[in-house]
């Protein structure tokens, strides 16, 4: 597809068997990220795990004087969860340069292997140090795969279905979270070593990724960028179909890559230039707002939250399973509507409903948790919290959840695409590290107001999207600059890019 007279025309080719298979393989990288999110929250409230590594937390839980909001306030316990995210942040920055040199496929293969090693170490851990080392390896695996997989999906999918294909990454992420919560539900019944099974099962999605990465080719853009035009043509022909005319699309990719090569001073250096200011704002703002919705910590700590409001360990994990199922249904719906309704509509609709549900949760917890010395709230209100959490999760999974992967992977030009994705991912993982490290302490200190804190950020991000994010639905990657050049605010910064776009379309 190319831009002609401000309109986009379709390239030849549609959803072929090859592009479906390669897309599924790349999207399955979300499994390891999702499994890790789900398994850590469940394991950290298992009494067998706490008794082995964090007995002081277990003693605090059994104390009648313990504040209902402060049952799990322990820095080492939260470090077990958060260490993965800081390792992922470092890995995502390293992966940017590696991806440019060796391609998306190789990076996914390395990431899957690291995650596999981390899962084995965690399953056999005998002390906290082994747990942390295993978590760091898991973080390296997540950082590499999450940097490469969304770009792989965006670069190989047909333009008209790019949103649905890239959303598949988040679908697998949520599926991984669901699998982890189901695993926790059953292993929690195994006395003494059930947590080892939960942590060790992370090897299953890692094996799927490593095996799958061995049987797919790299993306045409990545091959062209590495100076392999013949392999790029063969790859594009394979994913578009044997009868498709790939020359127009291949020429557009070649032109975009040639432009990137004319700017060899480095992608990170170019990001500081005025012509890239809009990209820099989005690569920081979108992941920052994504994390500040509070959904990351809710996904990780949902069993802990449900224990806080008074559910037993087994019922708390069941609540997390229900939330994962609701999340999965939201992602499925998003897959069908993202390329029809557009990105902005989902962002704005999701942000509005998320705000309402978070305020409602805060109100219930303020009125009914920790009152009159009670360690838990009345059961009917606790169920109400679960219902509101499900509605909030559905809204998130329909909008910000998948779009956090879709929009950054499609808005960056090829010369900064890997660097942009690295910055986006590193910002997200840094904030995830910070939040997972301090969330339990914040819950203890702020109590119900923690949800008002997140609702304030949801309001801010909804206003930001309404004012500053243009619609990118159906716009080819190579013509994305024209969208920014037509925006009421960003056009003053991208005038030069717009001229370059006209020149490219006339070549």
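Glycine is no exception: its Cβ is also placed from the backbone N, Cα and C atoms.
Regional average pLDDT for the domain 'Major facilitator superfamily (MFS) profile' (22-473) in the model is 85. TrEMBL lists 22-473 with the feature domain 'Major facilitator superfamily (MFS) profile'.
Annotation source TrEMBL lists transmembrane segment at 12-35 (among others). Distant neighbours of the transmembrane segment (12-35): 104, 108, 111-112, 115, 138, 141-142, 145-146, 148-149, 152-153, 156-158, 161, 165, 168-180, 201-202, 205-206, 208-209, 212-213, 215-217, 238-241, 244-246, 248-249; these residues of the same chain sit at least 6 beyond its ends, with a Cβ under 8 Å from one of its Cβ atoms.
Long-range neighbours of the transmembrane segment (76-95) within the same chain, counting only residues 6 or more positions beyond its ends whose Cβ lies under 8 Å from a Cβ of the stretch, are 36, 40-41, 44, 50, 53-54, 57, 107, 111, 128, 131-132, 135-144, 146-148, 300, 418, 421-422, 425-426, 429-430, 432-434, 436-441. Taken from TrEMBL, the feature transmembrane segment covers 76-95 (among others).
Packing against the transmembrane segment (107-130) from elsewhere in the chain are residues 26, 29, 32, 53, 76, 80, 91, 95, 98-99, 136-149, 152, 196-197, 199-203, 205-207, 209-210, 213-214: each is 6 or more residues past its ends and has a CB under 8 Å from a CB in it. According to TrEMBL, the feature transmembrane segment maps to 107-130 (among others).
What TrEMBL lists as transmembrane segment is 136-154 (among others).
Residues or ranges marked as transmembrane segment in TrEMBL: 166-187 (among others).
For 193-216 (among others), the entry in TrEMBL reads transmembrane segment.
Sequence-distant contacts of the transmembrane segment (279-304) (same chain, six or more residues past either end, CB-CB distance under 8 Å): 37-38, 40-42, 44-45, 71-72, 81, 177, 181, 184, 271-272, 313, 316-317, 319-320, 323, 327, 354, 358, 389, 392-393, 396, 400-401, 404, 407-408, 411-413, 416, 420, 423-425, 427-428, 431-432, 435-436, 439-440, 450-451, 453-454, 457-458, 460-461, 464, 468-469. What TrEMBL records for 279-304 (among others) is transmembrane segment.
The transmembrane segment feature in TrEMBL is assigned to 316-338 (among others). If one looks beyond the transmembrane segment (316-338) by at least 6 residues along the same chain, the residues whose Cβ comes under 8 Å of a Cβ in the stretch are 38, 41-42, 45, 163-164, 167-168, 170-171, 174-175, 177-178, 181-182, 184-185, 188, 299, 302-304, 306-307, 346, 386, 389-390, 393-399, 401-403, 406, 473.
If you look up TrEMBL, you'll see 345-366 (among others) marked as transmembrane segment.
Among the features that TrEMBL reports, transmembrane segment is placed at 381-401 (among others).
The transmembrane segment annotation in TrEMBL covers 448-469 (among others).
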